[in-house]
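What TrEMBL lists as transmembrane segment is A:66-89, A:95-113, A:138-157, A:169-187, A:264-282, A:288-306, A:318-336, A:342-361.
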Amino acid sequence: MKKTFKNIETILNKSLNGIETFIQSHPKVNFLFGALFEATDGLIRSTKDTAKNPPYIRRGMDAKQYMGGILTALFFGWVVPAIYFYGFMCVVPKLIVSFVVGVFIIDVIWVILAREERINEGGFVTCLFIPAFLPPQAPLWLIGVGAGISILFRNILGGVGHNLVNPALFGRLLLTICFPTMVVSGWQEPSTGIPTIKSLMYGVDAVTHATPLMAFKETGKTASFLSLMFGANTGSLGETCRIALIITGIWLCVKRIANWRIPVAYLGSVFVLSAIFSLMVGKTAAPPIFQLLSGGLIFAAFFMATDPITTTYSQAGKWIFGIGCGLITVVIRNFTSIPEGIMYAILLMNLLSVPIQTIILKIKYRT
Amino acid sequence: MTKKAYKKGFNLIETYPVKFAKTIVFVKHNGPAVNYSFSFPDKKVEHIIVNLCPTEPWALPNRAILRNRTHDFLNKLETVREEYFPDSHCHVVVNHQESNLINELNQYKAGTDRIYPSTKEEYLHLHTMEPVYPYDAPVLIVKNILGLDIAFGQNTIEHSILLLDPQDVTGIFEHYIKKSEFNTRLIPISGTGLKDNKILKVKPGTPIKSMLELYVRTDIKYRVFLDGLLNGTEVKDLNQKINWSTKNIVVIEERDYKTPFHYIRTKELHFTTSLMGELRCCVYCNFCDDICPVNLEPALYWHCYDRGEKHKAHLYALEKCIECGLCSFTCPSKLELLQVIRECKLLK
Ligand code: SF4
Ligand code: SF4
């Protein structure tokens, strides 16, 4: 077993080396496919770069593992539960469309056109977000458009490390503007109980329902917390099974890929502020625990707001960022006609993080 | 006794365990050797700090210095103090986990057979420390033991503090007090480029080549580094001779080719020169400021540098950086933060 593996590896290594020399010795081929090869090769083999400056050893963690951690967390946080609740045929085609359009079409074309060195794994993360915050019955083309816009937008701003706002949320914002009805309809009742092969494949028969947050706006009724926690409720594809999201989110924080300050500040401020608001205005404001467990709040707090590039770099700034997100979310949810304010909250705070960072630095270093 | 004036840092010893062979090997050298000399400070010394707690795995382990005769070593230290630095306080720093050594030291302190018993007040002090890199850097060790702030690169003598290498304690004792011959230094050699990790007894003046030739692996490419991998220097010419301040030599494998499926074979890349990833943009992951022992935010310097505004890096307390190299070590985007910091520092 080990030997065959070794053989396969040697052959693979040799052929990749062969392709590499071929590409590099033919300028025209290199111009078109060099970057593409580098990108694919980067997924299979390590780099040959060695440390030229001190320190001469480096820690094993690299950007790929960093993104890999997020991908794993997202996979167990929403893909697996979503397959259980809505069926394989509902989730997987969406993922395929999202990846194909986002990574394999837009990113690859961009790599060839813009001569970027490589396809960034960040694209996979963005594309994994897109289906998660759209309704289970969203058409496939909508997902494709969303993924395309997001990746294009991210690449235009300069790729991972340069984006100003979370590209996935920006894509979602454009979808909300262009197709306002599409993104808020098509909710589906999740299948619960012991899964059958049929429910795992197709989910239960589509019943269109409003989400708990919308229902609250209309009727003032809150759903049961337990059903909210475990996902037996309507909502976007990826945001319903909160317990899985919380577990994977905490795992990310422990691995220090996500900064724990943001979810703590975000969820904490939502809780405190909505408690204050419901004391002040009474029944029209949703009660705190319901606020925490409804909508995409958990998903956003652990996975979207923590996107490190679009928050502030300073640790103190992260608290402000999280609290700001919480404040805007609660205000939008309670005092406007929009049921869900998370997208706007995070996008706005993404933009505000630039001045927050500047101010923090001024206070920290110049007084 | 452990008071912590700083935090963070990184436990290199756990991550890169290095085991040295028990025996110390003498390296023959017939060429010219350099005689031992210690440059005594011209200022009065108030505190002597002797660090017996190495924080780097490739540093000389203290058992090679003490050789189970802690008592002798302390005797020498007291004699040196009495002869050259009277009225000073001696601070001995040991690893907080080595309870045997701590016991021995305490027994020695309480014992009645000291040659120079403390008359007025105790001058021999025992301190414990976690073996976390870079807690033994001058700035941090002085801060931790004496609570004093010294600047990076400043000679500690200006604050009347002498940081004494344990080997120099023996050196001063043998050479200046006993007037006996003292012409060898213990140099640990280790790393993935060697067949065996050894502690060598070498005459300064010996070329590095003749020290290593018996031990290097011939089947791989390797690179040789002096005084640690994090902020040491690379040895380009193996004819370079070691001197009385050489601390250690590390030889590690040069992994300058691609390894397939590296994510399931990280062991092979571990402890080699491989970057373990590719150069990227900063992803603002906060790893660098989490690890920085003096609480700086190294990514800020990189951002200044990246925008071409090196001079602005000085706004963010750049001068506090002790150049330990941990930020570059940990950066998942493999940015050359230490290099950037040094370049920015040049631009005064
Ligand atoms: S460790 Fe590297 S990538 Fe992370 S914040 Fe610091 S400089 Fe940026
Ligand atoms: S900024 Fe300086 S002190 Fe801090 S980790 Fe980097 S090199 Fe070390």
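Yeah, the Cβs are placed from backbone N, Cα and C, and that goes for glycine too.
Just so you know, TrEMBL annotations never went through curation; they're auto-generated.
Counting same-chain residues at least six beyond the ends of the transmembrane segment (A:342-361), those with a Cβ under 8 angstroms from any Cβ of the stretch are 133, 164-166, 169-170, 172-173, 176, 295-297, 300, 304-305, 310-314, 316-317, 320-321, 324-329, 332. Between the transmembrane segment (A:318-336) and the transmembrane segment (A:138-157) there are fewer than 3 Cβ pairs closer than 8 Å, counting only pairs 6 or more residues apart in sequence, which means the two stretches are not in contact. Of the recorded ranges A:66-89, A:138-157, A:169-187, A:288-306, the transmembrane segment (A:264-282) has the largest number of C-beta contacts under 8 angstroms with A:288-306. Comparing A:138-157, A:169-187, A:288-306 for CB pairs under 8 angstroms to the transmembrane segment (A:66-89), the maximum falls on A:288-306.
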